[in-house]
């Protein structure tokens, strides 16, 4: 029976869904529940990862140190993981501190065409004896050949696995199959997939990934995460189990953990709103959704139109300031028309 | 470009999600919005279809006549469709009245192994000059060969298409592919698929169905429907469009229709709760979910355990009374244990 290694970013990607306001009690509760269910890896932090709390992308309620310390205290068997985007996370301050607190796994991420920026962070964490993955975000914006090139860079820097993210929820299963197959063929290290549900395909895409040779999958309780949410972990575990894959997770306890997440962490369960569909079709990062809604309301423009325009401009995470520019432009055009 | 015919039971399956309390204003609003979006077929009624309002499965807020009349008034281009289960719906009273009101399409449904009971209803509606489909519910409980046999009966009775329903949301895409392919091979009439989302696969299963030769798909706005909901129509339309299938539906207006459904019809957007996962894995009809939750609370037993036991007993729609029996049994066992 094939084994799939599950990594659970409920306490990191879920922070996007609450504008980074998860508190210590919530982190403790869910970390303990995931640990009890046998989830192998639990990722914790600000939605945009280590060191990302800021006025522009949103300030987290509590700092990285407190988030990681409380998670660390509540994880017995699960590994503690962090999402690290160079630029947000500095080596000498953020990464050093996280390693001192005792993270087990460091996932260093970049936009899918920018693997170069991960070299120093990957090297540093490996030098400190940590397990390190490379992560390529917004992977739908690169061809399978380019993704393989960028992944090979990460492998050469010392990454022990590469995970591609469907940050915009833009993939259909055939898109995933061709990209994962290419990576599996090109790399000697394990390959993973992180899905979002904008087109209702997160679980199906994850299954396509393992069928194409991926051995690592990300998923969150009730899909708690940016925009329309992530691959719903308890559903994924059930489906993988039925297909004959082993995850080591106790499904019954995972359902309990998801119930806890719903009750204690989530103001609302993620769902595929009309805006999520437009976001997925346009290929815009799901983390933009809440900002787009707020800014569109402020400038009295249609949020769907803002998303389509952001898609045309091929924006990436970190370019949140462009939302205001687009909304202002649409508002001005509307004012001219009327 | 292949064409897929979309049938939208938001105003019928959605009634399950509100215990059959949709009112005339809600039906008018959504019917008009779906019609404006170019949805070809709009299905309206009590969750269990024509004539099903009762104390046991739930009384609808307004009668069949009023539901159909208000829908009829608000549909210009869309066909008005009804879900007809012989046993609930009588020919001389219910079906006759519906045809007088002006329904365009009659979908006569039975449990997947009971096509025999649809013969007279199919014959009557055809005699009255109506378009008629056969529908096999809970189709996961039959092999592909048995489904083909039952479908052939419906074809011989005069059905002009056969739709199989994944009433429990129990299918994975490969299950759909093999069944639909068998039906397409065996029948001369079109084949359709109606999905539920318990295992997060409703959209993927629907795509698998058309790839295997189905030409009719059911879907509802925001997935409004029993349990974890139906195939989410606006997502399905976006995905089909991207894959090169034509539905004739205007996606932008369909997103608006879904926004109206969310705002005006839905107390909460369907999501995959832990109980939905158990229901999908156990293969129990999604329409049972609300009853199971209520009765489990009443008898102080775990709803997950009730679902697993119902799955072992292979219950079908119409056996809602078994829920109480199972809950009582579990409660008694619990009492003995403690």
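Placed from the backbone N, Cα and C atoms, the Cβ positions cover glycine too.
The Cβ neighbour count for residue B:16 (active site, proton acceptor), using a 10 Å radius over every protein chain in view, is 27. Feature annotation from TrEMBL assigns active site, proton acceptor to B:16.
Residue B:167 (substrate binding site) has a Cβ environment of 30 other Cβ atoms inside 10 Å. The substrate binding site annotation in TrEMBL covers B:12, B:13, B:167, B:194.
Positions annotated as Mn(2+) binding site by TrEMBL: B:13, B:194, B:196. Under a cutoff of 8 A between CB atoms, and with a sequence separation of 6+ in the same chain, the neighbours of residue B:13 (substrate binding site) are B:43, B:47, B:220, B:224, B:225, B:226, B:230.
What TrEMBL records for B:4-255 is domain 'Pyruvate carboxyltransferase'.
In the three-state DSSP scheme, residue B:12 (substrate binding site) falls into the helix class. All chains included, 28 other C-beta atoms sit within 10 angstroms of the C-beta of residue B:12 (substrate binding site). Residues annotated as site 'Transition state stabilizer' in TrEMBL: B:12.
Listed in chain order, the extra residues whose Cβ falls within 8 Å of the Cβ center of the Mn(2+) site residues B:13, B:194, B:196 are B:9, B:165, B:166, B:167, B:195, B:218, B:220, B:225, B:226, B:230, B:231, B:286. Around residue B:194 (substrate binding site), the C-beta neighbours below 8 angstroms that are at least 6 residues distant in the chain are B:9, B:135, B:163, B:164, B:165, B:166, B:167, B:217, B:218, B:230, B:231. For residue B:196 (Mn(2+) binding site), the Cβ neighbour count at a 10 Å cut-off comes to 32, with all displayed protein chains included. Here the CA atom of residue B:196 (Mn(2+) binding site) lies 13 Å from the CA atom of residue B:16 (active site, proton acceptor). Report note: the substrate site is defined by B:12, B:13, B:167, B:194, and the residues of the same chain whose CB lies within 8 Å of the CB centroid of those residues, excluding them, are B:9, B:16, B:83, B:165, B:196, B:218, B:225, B:226, B:230. Separating the Cα atoms of residue B:196 (Mn(2+) binding site) and residue B:12 (substrate binding site) is a whole-number distance of 14 Å.
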